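> Structure in structure tokens, see below.
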Amino acid sequence: MKGIFLLLMLVMPQTHQAAESGNDDNSVFDLFELTGYNRKAGSRKPQGLHLVKGPDPSSPAYRIEDADLIPPLPEDKFQDLLDAIRADRGFILLATLRQAKKSRGALLSVERKDGGGHIFSLISNGRARTLDLSLSGERKQQVVSVEDAVLATGNWTNITLFVQEDRAQLYVGCNKMENAELDVPIQKIFTENLASTAHLRVAKGGVKDNFQGVLQNVRFVFGTTLEAILRNKGCLSMTNSVITLDNPVNGSSPAIRTNYIGHKTKDLQAVCGFSCDDLSKLFAEMKGLRTLVTTLKDQVTKETEKNELIAQIVTRTPGVCLHNGVLHKNRDEWTVDSCTECTCQNSATICRKVSCPLMPCTNATIPDGECCPRCWPSDSADDDWSPWSDWTPCSVTCGHGIQQRGRSCDSLNNPCEGSSVQTRSCQIQDCDKRFKQDGGWSHWSPWSSCSVTCGSGQITRIRLCNSPVPQLNGKQCEGEGRENKPCQKDPCPINGQWGPWSLWDTCTVTCGGGMQKRERLCNNPKPQYEGKDCIGEPTDSQICNKQDCPIDGCLSNPCFAGVKCTSFIDGSWKCGSCPPGYRGNGITCKDIDECKEVPDACFTLNGVHRCENTEPGYNCLPCPPRFTGTQPFGKGIEEAKANKQVCKPRNPCADGTHDCHKNARCIYLGHYSDPMFRCECRPGYAGNGIICGEDTDLDGWPNENLTCVDNATYHCLKDNCPNLPNSGQEDYDKDGMGDACDKDDDNDGILDDRDNCQFVYNPAQYDYDRDDVGDRCDNCPYNHNPDQADTDRNGEGDACSVDIDGDGILNERDNCAYVYNVDQKDTDKDGVGDQCDNCPLEHNPEQTDSDSDLIGDKCDNNQDIDEDGHQNNLDNCPYIPNANQADHDKDGKGDACDHDDDNDGVPDDKDNCRLVPNPDQTDTNGDGRGDACQYDFDDDSIPDAEDVCPENVEISTTDFRKFQMVPLDPKGTSQIDPNWVVRHQGKELVQTVNCDPGIAVGFDEFSAVDFSGTFFINTERDDDYAGFVFGYQSSSRFYVVMWKQITQTYWDTTPTVAQGYSGLSIKVVNSTSGPGEHLRNALWHTGNTPGQVRTLWHDPHQKGWKDFTAYRWHLTHRPKTGFIRVVMYEGKRVMADSGPIYDKTYAGGRLGLFVFSQEMVFFSDLKYECRDS
């Protein structure tokens, strides 16, 4: 056997390690390493311990100096350890230690975070020579001590502690200690949420219980067996006594597996090598072992042959007995021992005890080989003796003993022959040769037959507590001796039974004798599974209404058609209720007009109830074109009220019937529009909405050509400047490269930044008036006019035009030189015509307008009760906010407060063309919108599908070609105003210089509005503000969205310190001072400045804009509710989103663009849309 063990020692470590190499690293938890101590570079400096050399050179060893300073195991690692313990229902703990002599200390402990004591601790008690496991459950504490665990010797030793469920087994080195039993399973101590309430500490115990000495390789191990660990430690002789699943005495579970690689573990130690002599001896021993095994096999074969021979003899000779290995014939008698005789009777061995006679002598003895005592010849007659005394108690309490009794004789006067003592054998009871043993169950008996022959029953089996029978206070068997389980036979037959009789049916006649019937069903229960049918008849009948028939008053049909007539015995009659849809007494019934009495029974369109009355009843007309809904009909008021018609406008965007591209938004235009929806590519894409392609610069043109519908080019052609926004796609020289990115637009060899006619071929660069505009493109070549203003757009600049506005009146006699006004009306006689007078009724020739609200200071009172940007005396609806001041019938009353906007005599709530006069209300297709405004609601010649404000004739398309320049810091010697370059018919503006704060605000006014555009900084210089304004009412009152690249303090700290943070901001300006230094610094400042600016929202992520990067903003403003939301896209993704913000400071106003100290700002592909409807 020694040879086999040596061979296993050589082979097993290599195969074991090979199996382990593929495991994960959650099977071994090195407590020192998980706490943060190791010898790697960058690990923490040890606290409370000192690094020393241990017996394992591949792992660090630590001398414990102050266990209180050693940090606990991190909570997440402790939780992983708990999960492993609970999964395996136990653990294996390995530790190498050198403990101070006769000291007491904890190897590890789990202590409560709130200082409530220990939940688990492992303590080596050097004086008591024990290893103590202390456990604290919910209501119980237990201390389990493993005796003779001598660890505190001052020398190196190692321990292996195996805990499984409620059993614990300890090995000190290779020596197995006694097993210990826990009151509760270990997983009930290491609970699932223990890591949140307790710490695991190494070497930390209670008061004066900290470990004293050196520790190494303190590890919890999972995923292997105790046998594998002992084998790898060289403890081969112990492998048959470890706790395993196959050892039923220990009761452990099979949760521990057979691998042993884990959390950053070192390779397992292999068995030491062997010399050639050792191997020669090994094989010699194995040869000897083979000879021994062969001999044992021959002996077993011989014994088997003997047993077979005995079995044959017993079979051939009936009645024989086999006793103590000896075969006896029937009726043979033999002696077993000196006191037992046996007889064979028909294969049954019957033994009996020998009965011994009384011995009248004192020297009676039991000879060898005999059972009864004998007297020797020296005894004589009993003359002259006293009577015998009583027998003494038996000399033994069980088995064979003796009793004695005595008598007396006067030997001086009498011969006294005979013995004075008699002896006899005795046996109170047989000695109990049994031993204490617990009971064990026999095998289960076969299952009994089912307890029923049909239906549901049960079968039973039993077992007896006789394998073995419990004796000498041994434990009874645990569990039940009887077991039942259900059994199912074929369903039992069910005989049918009659159910209850039905009520008698109506008599066949009302008089004169008729018949009526009743029925019953064979269903209580119905026959099933070959059961018998019900006995008897299923029907019954009887005579009814035996009385004589009276005269029938209903024969003359006195009631209304369809009304029930009831006659009585005396000849009278009575009519029932009128049929549905009629009203009356039953004799006379009139049709009910449900359409009139239930005015909302059917859909009402433009004040017309689409209901038709019929006799009887009513029916609704089908829903109008572009509406969906039911077409109910019915009879009577109740049905008309309960089943009303609902017609809803069709919405392809909502019902999914649109054909927009997956990267496009479906925009619902209304059910009167044709088409009813528009597809618009999402930010980062461009196209016609049906097809969308990548759009890097977010200017609405794709990076590559798209295959749109035939002859469709808008937004389907490739972007001629794919990396620089140019929504107008201007290309003067038609070279395929847009002007925005073409360095020589006119191909005259002069680069644009030096070309005085950027779009006109002029290599000579002649410039007579020295205004930096070449003569070839100068609209006033002999007059200095660098701005090239041309009010009447006739090609002749204002600087050299004798009639700037083209109204036929020379400039020196024109009271509105820049506004077309043939009538030259001047109501206030101030020399400024009414068409351009900012106070047409107040004499103010200087035309001062301090707050840039287009109202001269002379007549500007800033009293605006509805906060819509129009002072009360100039507001066409002073008490109802209407920033757009729409008044389509020009009656001086705004549409918002006018009940007949087009003045055609039809009220707005019934007018099928609210903004276009059509007193005839002609609606050919019956869809609810009149022919006069079918596809152009405001009659501005722009179809609703293309109209940005389909309910405002004044606004049809996005256009910033005309705008008002508003400086916000107009004072100072070094004033630099913004320089705005307009492109793409007013849909793209570029601000080119580093300037003071200013706004380019358009003249269109809005209430509810959506405003979007592309933002692009085309320079690396500067890092300041740019953005846009909305709700503009004056230079002191507006909302502004402004964006800064980096956080920066404004250079001028007067009058206030202004700290501008990077990121997007939404602010409301309500300045008491107006444009100037106060407003300038307040705008720069991110935060609130009393009396100037209030910040509604600032991007919490403080993301600044990046150079040469396209962004797309989308503003939603609904003044009625105060809703404001700004979303900023970077490419396809949302970069910042303000979410819903509510502020009702201003009820609408104008839109514009904002800059503050930032040059080369591109505002491209600008779009605004009214959302008042």
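Numbers run from 1 along the shown chain.
Including glycine, each Cβ sits where the backbone N, Cα and C put it.
Feature list, courtesy of Swiss-Prot:
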DOMAIN    22-224  domain 'Laminin G-like'
DOMAIN    319-376  domain 'VWFC'
DOMAIN    382-432  domain 'TSP type-1 1'
DOMAIN    438-493  domain 'TSP type-1 2'
DOMAIN    495-550  domain 'TSP type-1 3'
DOMAIN    550-590  domain 'EGF-like 1'
DOMAIN    649-693  domain 'EGF-like 2'
REPEAT    825-847  repeat 'TSP type-3 5'
REGION    838-935  region 'Disordered'
COMPBIAS  886-897  compositional bias 'Basic and acidic residues'
REPEAT    886-921  repeat 'TSP type-3 7'
DOMAIN    961-1173  domain 'TSP C-terminal'
> DSSP-wise, what's the residue breakdown of the compositional bias 'Basic and acidic residues' (886-897) into helix, strand and coil?
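For the compositional bias 'Basic and acidic residues' (886-897), the helix, strand and coil counts are 3 helix, 0 strand, 9 coil.
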> Pull the DSSP breakdown for the domain 'EGF-like 2' (649-693) and write it out as helix, strand, coil residue counts.
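Result for the domain 'EGF-like 2' (649-693), in helix, strand, coil order: 4 helix, 16 strand, 25 coil.
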> What same-chain residues lie close to the domain 'EGF-like 1' (550-590): Cβ under 8 Å, and 6 or more beyond its ends?
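Answer is 511, 615-618, 635-636, 639.
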> Below 8 angstroms Cβ to Cβ, which residues of this chain, lying six or more residues outside the domain 'EGF-like 2' (649-693), approach it?
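Contacts with the domain 'EGF-like 2' (649-693): 626-628, 699-704, 706-709, 712, 714-716, 719, 927-929, 934-935, 937, 944-945, 950, 1112, 1129, 1131-1133, 1173.
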> State the residues, same chain only, that lie 6 or more residues beyond the ends of the repeat 'TSP type-3 5' (825-847) and have a CB under 8 A from a CB inside it; answer 'none' if no residue qualifies.
814-816, 818-819, 854-860
> Provide the three-state DSSP residue tally for the domain 'TSP type-1 3' (495-550): helix first, then strand, then coil.
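Counting residues by DSSP class gives 0 helix, 13 strand, 43 coil.
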> As a test of reading the model: what is the averaged pLDDT for the repeat 'TSP type-3 7' (886-921)?
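Here the mean pLDDT over the repeat 'TSP type-3 7' (886-921) amounts to 94.
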> Counting by DSSP secondary structure, give me helix, strand and coil numbers for the repeat 'TSP type-3 5' (825-847).
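Final tally across the stretch: 0 helix, 0 strand, 23 coil.
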> With DSSP as the yardstick, break the domain 'TSP type-1 1' (382-432) down into helix, strand and coil residue counts.
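Here the numbers are 0 helix, 12 strand, 39 coil.
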> Helix, strand, coil residue numbers for the domain 'TSP type-1 2' (438-493) per DSSP?
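Taking each residue of the domain 'TSP type-1 2' (438-493) in turn, the totals are 0 helix, 15 strand, 41 coil.
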